[in-house]
Amino acid sequence: MKTIVLKLGGEIVHSPELDLVARDLRTLVDGWNRVAIVHGGGPQATALQKRLGLETRMVAGRRYTDEATLEVMKYVVAGQLNVDLCARLLANGVMPVGLHGASGHAVQATRRPPRVMQGAGPEPVDLGLVGDVVGFNLPLLGDLFERRYVPVLACLGCDDAGQALNINGDTVASQLAGALRADALVLVTSTPGVLRDVKDPSSRIPRITRAEFERLVADGTISGGMIPKLEESFEVLRGGARSVVILGKLSPGDLVAAVLEPGSAGTVLE
């Protein structure tokens, strides 16, 4: 039995690829593996803000969250996307349970204090109603796993006073993987893994260690936005997860293979 945390971006929830994910999830759950899903919803939140005439304010890649923005995140992430995702999973034979920070305090958070952020100048930045994860209701998740339910967590936390807080989905997934001592954190992305040549899917690198990552950065094989993504992933390993898998452009069975036969699909960081 393995414990897997699966991070899905908001863009995959309404894509045909989700059905591939769902069918593979059913195979994993039927094999008595414990699976939790964390999802975001950035693109949909931005689209709704635009329709409502609200400004989307980004600071160093993070969404500034005022009261109006938090309402949008509740509607979109904890509402529409969580329901739609659970419905698609249910249609594929998976038994999901939709959760957010206020659901049994599943995602416990505190409001993030102002801090200096790379790319945002020398002064501390206040991101508004944005949270830092301080814990999870692990007994609740454990009970769901025992009954073969799949927790589906929206990336909203809640503090002890009942204040909902917006949290980056990758952060929630990474910290959940550490808290569960997950065998794998699987990041579903737009690429089939880390590639030696970004134009050639067959150049996938099956496994990368920290030392190999540093060498590939030095020789220019890994560059651009993939560098911070992999750096963050290696931090997940330090936080308690056993491996991180970067996976995308899925074919049937890829998710099962990536979890049960590490290196056979996507790229495994270890």
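Using N, Cα and C of the backbone, Cβ positions are placed for all residues, glycine too.
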Per Swiss-Prot, which one of ARG63, ARG147, ARG196, ARG204 shares the substrate site with GLY41, GLY42, ASN166?
ARG63
Need the DSSP three-state call for GLY42 (substrate binding site) to compare against my parser.
helix
If we count other C-beta atoms within 10 Å, could you say which of the recorded positions LYS7, ARG63, LYS229 has the fewest?
LYS229
Nearest-integer angstrom distance between the alpha carbons (Cα) of GLY41 (substrate binding site) and LYS7 (site 'Transition state stabilizer')
11
Nearest to LYS229 (site 'Transition state stabilizer') in three-dimensional space, by Cα, is which of the recorded positions LYS7, GLY42, ARG63, ASN166?
LYS7
Between LYS7 (site 'Transition state stabilizer') and GLY42 (substrate binding site): CA-CA distance (Å)
13
With H, G and I counted as helix, E and B as strand and the rest as coil, say where DSSP puts ARG63 (substrate binding site).
strand
